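Student: Attaching a single structure in structure tokens format; questions to follow.
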């Protein structure tokens, strides 16, 4: 039975319980793993270095040199980004071949293998297993951060697409926070517990293997890629409820008709497609800026700022947990605001605020000794910058990758965006220490310029995508190209013919 118009509108804005649980099931073994494995490696730094030194002494009857120990530890930490890059490059292909849900299920094999290898490193005395294990955690994270947002964007109804896709950043920040908490001395942060700590990456994998099979494959994938109309209807009924999926089904059917005879595109085909050039440029810039906007620099300076504020060394890990909780809270806030304010307002606002806090942080670090209250201003800037990042770039970037592309282009777009993100992550890890050494606190002026340029680009180029179908967004980009071409040629204004929506 049909409800009143008010009830129908409310039902579209209130997610079905099954949809919420499907989002959680996908995220726990997806981007949660990414966030968790970034932060959990920080706690056992000294313990693992002691293990490497002890193993080296037993093998070669001499202590390992400080330089070689640093090199081995750097490899353990940075190999994660190499694995992530490889995972991102294969994630889209796997999502086309095995489905979004199928790829997420298979991806847990990498997490379980990584946990096994890192757990065996201590009893076998092979620190090399830590490097291999971290590589596989990277592959797991790379595939997860590529395929999981794809799945979320395709299972959510149009009116809730942004809010549901925010599960990606909510679970990343939740993973970071969980890693920080579990790494505290009161839990698994003691020296003797580090092998167990690194093994805990298997827990989210087991949870996803237990929970995700109860939820369906992406309805869009079933209909458009597999031509399974019955499976699509069954999946939508479970995810959206029995009364409110007809309009979504019509949108999918239009996109299916539009994609007839078109095979899923490869990444290099996106670069050659002139109708997608602005979308491709947008995801490249946004994914690079997500790593190069200064958030890593803020975390680098966090301990120094907290020490200057007079916080004892033993308490700094607990304050760092506070920064993780701050980022997690902001992701949740962004999830509540995104369908009200829209993507464009949040991401431009986030980058603008980050630019402002870059100026403030540079000033407070420069005049750190001007007064006893100055370090506390620096602390305020740290939390304000993290809040601004979570409110905009941290939350919206992955959603835009979903929304700027149609079904045949989306997996390749995630492969491009993910690869750029991981490469930028690797580059900033390699280059940032040198930038800090040369520029010191003035490094934030570089991030200021990046934030301002990205905000201007989004304002000028990227349309608002809130509550629009994927075809409508695609048409809007093409219409912009047509207008520019028409103005350049001084010819008559042309109208793009597209599937009626």
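Keep in mind that glycine also has a Cβ here, set from the backbone N, Cα and C atoms.
Below are the features listed in TrEMBL for this protein:
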TRANSMEM  19-36  transmembrane segment
DOMAIN    23-466  domain 'Major facilitator superfamily (MFS) profile'
TRANSMEM  72-96  transmembrane segment
TRANSMEM  108-125  transmembrane segment
TRANSMEM  131-151  transmembrane segment
TRANSMEM  163-182  transmembrane segment
TRANSMEM  194-215  transmembrane segment
TRANSMEM  280-301  transmembrane segment
TRANSMEM  316-338  transmembrane segment
TRANSMEM  345-367  transmembrane segment
TRANSMEM  373-400  transmembrane segment
TRANSMEM  412-436  transmembrane segment
TRANSMEM  442-462  transmembrane segment
REGION    482-501  region 'Disordered'
COMPBIAS  482-492  compositional bias 'Basic and acidic residues'
Student: Please report, as numbers and ranges, the same-chain residues at least 6 past the borders of the transmembrane segment (373-400) whose CB is under 8 Å from any CB of it.
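Tutor: Result: 145, 149, 153, 161-162, 165-166, 168-169, 172-173, 282-283, 286-287, 289-290, 293-295, 298, 301-302, 305-306, 308-310, 322-323, 326-331, 333-335, 337-338, 343, 346-351, 353-354, 357-358, 360-361, 364-365, 367, 454, 462, 465.
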Student: Hey, which bits of the same chain come close to the transmembrane segment (280-301), Cβ under 8 Å, at least six residues off its ends?
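Tutor: Answer is 270-271, 323, 347, 351, 354, 358, 361, 365, 382, 385-386, 389, 393-394, 397, 400-401, 404, 413, 416-418, 420-421, 424-425, 427-429, 432, 436, 443-444, 446-448, 450-451, 454, 457-458, 461-462.
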Student: Using a Cβ cut-off under 8 Å, which residues of the same chain at least 6 positions beyond either end of the transmembrane segment (412-436) come close to it?
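Tutor: Counting only partners 6 or more residues beyond its ends, the transmembrane segment (412-436) has Cβ contacts under 8 Å with 78, 81-82, 84-85, 87-93, 95, 142, 145-147, 149-150, 264-267, 269-270, 279-280, 283-284, 286-288, 290-292, 296-297, 300, 401, 404-405, 443, 446.
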Student: Which range out of 19-36, 72-96, 194-215, 345-367 gives the transmembrane segment (316-338) the most CB pairs under 8 Å?
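Tutor: Answer, by Cβ pair count: 345-367.
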Student: Given a Cβ distance threshold of under 8 angstroms, which distant residues of the chain, six or more beyond its ends, lie next to the transmembrane segment (131-151)?
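Tutor: Cβ under 8 Å, 6 or more out: 26-27, 29-31, 33-34, 37, 41, 72, 75-77, 79-92, 94-95, 100-101, 103-104, 107-108, 110-111, 113-118, 121, 165, 168, 172, 198, 201, 205, 218, 398-399, 401-402, 410-411, 414-415, 418, 421-422.
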Student: Give residue numbers and ranges for long-range contacts of the transmembrane segment (194-215): same chain, 6 or more residues beyond its ends, CB-CB under 8 A.
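Tutor: Result: 18, 21-22, 24-26, 28-30, 32-33, 36-37, 40-41, 43-44, 47-48, 51, 101, 104-105, 108, 111-112, 114-116, 118-119, 121-123, 130, 133, 137, 140, 182-183, 188, 238-239.
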Student: Which range out of 72-96, 163-182, 345-367, 442-462 gives the transmembrane segment (19-36) the most CB pairs under 8 Å?
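Tutor: Selected stretch: 163-182, with the most Cβ pairs under 8 Å.
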Student: Could you please provide the mean pLDDT value for the domain 'Major facilitator superfamily (MFS) profile' (23-466)?
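Tutor: Averaged over the domain 'Major facilitator superfamily (MFS) profile' (23-466), the predicted model reaches a pLDDT of 87.
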Student: Cβ under 8 Å, sequence separation of at least 6 from the ends of the transmembrane segment (72-96): give me the contacting residues as numbers and ranges.
Tutor: 34, 37-38, 41, 45, 48-49, 52, 64, 103, 106, 110, 127, 130-131, 134-147, 150, 225, 264, 267, 411-415, 418-419, 421-423, 425-426, 429-430
